[in-house]
Amino acid sequence: VVFESESVDPVAQVRLPASLLSSVSLTESNRAVLSRINFMFFKKTSLFQREQDGRSLNSYVVASSVGNLSISDLKDPVEIEIVHLSEQLTLNPVCMFWDFSLNNGAGGWNADGCSVSEQSSSNKTVCLCDHMTHFGILMDISGVSAHIDSKNNKILTFITYIGCGVSAIFSAATLLTYVAFEKIRRDYPSKILMNLSSSLLFLNMTFLLDGWLAALDAPWLCVSVAVFLHYFLLTTFTWMGLESIHMYIALVKVFNTYIRRYILKFCVVGWGLPAVVVGIVVAVDKNSYGLQEYGRVEAGEGSEFCWIKNQVVFYVTCVGYFCVVFLLNVAMFVVVMLQICGRNGKRSNRSLREEILRNLRSVISLTFLLGMTWGFALFAWGPVSLAFMYLFSIFNSLQGLFIFIFHCAMKENVQKQWRRYLCCGRFRLSDNSDWSKTATNNTKKVSSDNLGKSLSSSSFSSSTANWTSKAKATLNPFTKRHSNTESSSHQ
């Protein structure tokens, strides 16, 4: 059956399979109606304009029925070809039917039993459905995700789960290192780093469990997992923001700065603010959380995941929340790098190559500490969306590993503790070693070569101008008290 338009090409076509009637049980009452097949074409689609998860109608609506019978679960699908109202090059079409039982009888779009054929193009979509009703096409009006094929989808899934597993392991390693060695956790940056590592550990573990728990068909459990995943995602964002706030306080208000119960207040914000946000969402509508399908659902290649179902909640509490933190961290990132580069420009005892390498190390260290790589999600639009999705998956799933490398494994004072206690003293440095002399001397003369390390709990020591102050500056809890081996070059 072809619905002709004023032009040569048809607006819609419906092809019924030869096995259509084999799915209908013949009785005396329905035998007469089986000879009558109805087709309807709705050119005015105002009755069906209901947005569904950010999608809108981009075709006319076609209806088909056999008498007044309800036909479903067809062995061979009904093929419906519908021309788009407007040509779309990058958006992802989804075939849906109008389900009159949704929204308390008002009706709504439902994708069950329908998939998109590979014969589809930018100006038309071919739908394959195993039942007969009102059919239309909904487009992803956000345009964020491109049409990811099954191969790339599997690769991204593999990268994400492996990366999250690795990140969880090294986040735990970072946390255990700072818990085990009291000397390296006395200052504020180390305590903030411990909280960030804890949040990353819980986030990665919850994410890894989510996909498995989603398959258990336990709605209450799925809602609980989604709530915890939302909470730990927000705590991770918050602690990355608190890292940048601490850097601002340490950089701009280094001297004569005292904040009572500093870390306690940070913990109240870091763990309490996300709890308030999630608590409000649960109190208003706990059904905002639940089972979601992602991927190529229309092609039968989707995957189930326990997450936020309400798009408004997602964009306000996740996207909006992250954007605020991200802008704050970008501003602080620029300020810190300007401070470091400005101090490096005043020194004359290092080559240009050494300064470039040290600055590069500082940039990478701060990038992962402040979560700058999460910004890849903001650029996953249009034809480059797949590339940025790869970058986002790789760098963010491995954030715990990179933090361990730059803020644990490459820190001289952490290495010293490892050598002393984990290696049974076999690699312990002697008291008159170069590192020991440097560390001792620098407790008397605080070197700003440690400024970068002091501010961000990292191992980089790019800033080298002398940080002059009174003796109390040496005990300033906002800064690190351990020097890097590279400081010995100043003696």
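A Cβ is built for glycine as well, from the same backbone N, Cα and C atoms used for every other residue.
TrEMBL lists 448-463 with the feature compositional bias 'Low complexity'.
Averaged over the domain 'GAIN-B' (1-145), the predicted model has a pLDDT of 68. As annotated by TrEMBL, domain 'GAIN-B' applies to 1-145.
The annotation domain 'G-protein coupled receptors family 2 profile 2' is assigned in TrEMBL to 156-411.
Here TrEMBL flags 439-466 as region 'Disordered'.
Annotated transmembrane segment per TrEMBL: 158-181 (among others), in sequence order.
What TrEMBL records for 193-212 (among others) is transmembrane segment. Taking Cβ pairs closer than 8 Å, the transmembrane segment (193-212) reaches residues 161, 164-165, 167-168, 171-172, 174-175, 178-179, 185, 225-226, 228-229, 232-233, 235-236, 239-240, 243, 266-267, 270-271, 303-307, 369, 397, 399-400, 403, 407, 457 in its own chain, all 6 or more past its ends.
Among the features that TrEMBL reports, transmembrane segment is placed at 218-242 (among others). Only residues 6 or more beyond the boundaries of the transmembrane segment (218-242), in the same chain, are considered here, and those with a CB under 8 A from a CB of the stretch are 192, 195-196, 199-200, 202-203, 206-207, 209-210, 266, 269-271, 273-275, 277-278, 281-282, 286, 289-291, 306-308, 317-318, 321-322, 324-325, 328-329, 369-371, 374.
Beyond the ends of the transmembrane segment (262-284), by six or more residues, the same chain brings 188, 191-192, 195, 199, 227, 230-231, 234-235, 237-239, 242, 246, 313, 317, 321, 477 to within a C-beta distance below 8 angstroms of the stretch. What TrEMBL records for 262-284 (among others) is transmembrane segment.
Look at TrEMBL and you will find 312-338 (among others) tagged as transmembrane segment. Sequence-remote contacts of a segment are chain residues at least 6 beyond its ends whose Cβ falls under 8 Å from one of its Cβ atoms, and for the transmembrane segment (312-338) they are 230, 233-234, 237-238, 240-241, 243-245, 247-248, 251, 277-278, 281, 285, 288, 359, 362-363, 366-367, 370-372, 374-375, 377-378, 452, 455-456.
According to TrEMBL, the feature transmembrane segment maps to 359-381 (among others).
The transmembrane segment annotation in TrEMBL covers 387-410 (among others).
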